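Please read the structure below before turning to the comments.
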Amino acid sequence: MDPLAAVSEELAEIDGQVADIFRALSNGFQKLEKIKDVNRQSRQLEELTDKMRECKRLIKEFDREVRETERRTDANTHKMLNEKKQSMIKELNSYVALKKQHQSNLENNKRVDLFDGPSEGFGEENVLLASSMTNQQLMDSGNHMMDETDQAIDRAKKVVQDTVDVGTETAAALKAQTEQMSRIVNELDSMHFSIKKASKLVKEIGRQVATDKCIMALLFLIVIGVIAIIIVKLVNPNNKDIRDIPGLAPPAMNRRLLWTPN
């Protein structure tokens, strides 16, 4: 028999669900290594990330159940449950690290070159153009090109600074949204746990109500039987088939003495 099932059916059920997710993660990462298309790799990583989120939620629920059973289990059992929880966390962290590694490789594959080299014939065209210019024209042309280059560099610096500012604001917004989502997930986990406990309590109350109804029905039958016996005794008090009920025996007949003293 599974030792977790001996402690709690909920713990055994959660352990089975976590084991299924770990098997799915292992198969998913093996499949990911065989995929060459970048878009398919990205979709596969998203699916694996969703499975890891579900696994994290189940481990949190497992921890709550362990704390619930702490009062009614011995020290050895509690130690076994904590070791099981730590094993789940360790295995989940290994898959998280593997996911980060694949995510980094995927981002490297998506990078593109930002600058292109000069087109063919461009250098030859410049040589022909320069050969027909005077020294002053060449100097003016060089200064003009330097001015244009400086302006292009200034524009590039501004674009980079704007990009950095936007990236900083986006990172701050994403961090705030991530914290908010984490709080929402924790609240949902707590609500799910409370609903589960409430369902168990409702079932127990239902069983108690059913037991009370059975007891009331039995008492009702007993009262009806007693009333029936009383009615039969009152209607036919000489019926010897029915024993007298204490306190309800028929009145004794008046005895007449055949001899009285003077």
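Glycine too: its Cβ is placed from the backbone N, Cα and C atoms.
Remember, it's a predicted structure, so these values are computed and weren't measured experimentally.
Taken from TrEMBL, the feature coiled coil applies to 38-72. Residues of the same chain lying 6 or more positions beyond the ends of the coiled coil (38-72) and with a Cβ under 8 Å from any Cβ of it are 7-8, 10-11, 14-15, 17-18, 21-22, 24-25, 28-29, 31-32, 78, 81-82, 84-85, 88-89, 92, 95-96, 99, 102-103, 106, 109-110, 185-186, 189, 192-193.
Residues or ranges marked as domain 'T-SNARE coiled-coil homology' in TrEMBL: 143-205. The predicted model assigns the domain 'T-SNARE coiled-coil homology' (143-205) a mean pLDDT of 85.
Per TrEMBL, the feature transmembrane segment maps to 215-235.
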In the domain 'T-SNARE coiled-coil homology' (143-205), how many residues does DSSP call helix, how many strand, and how many coil?
63 helix, 0 strand, 0 coil
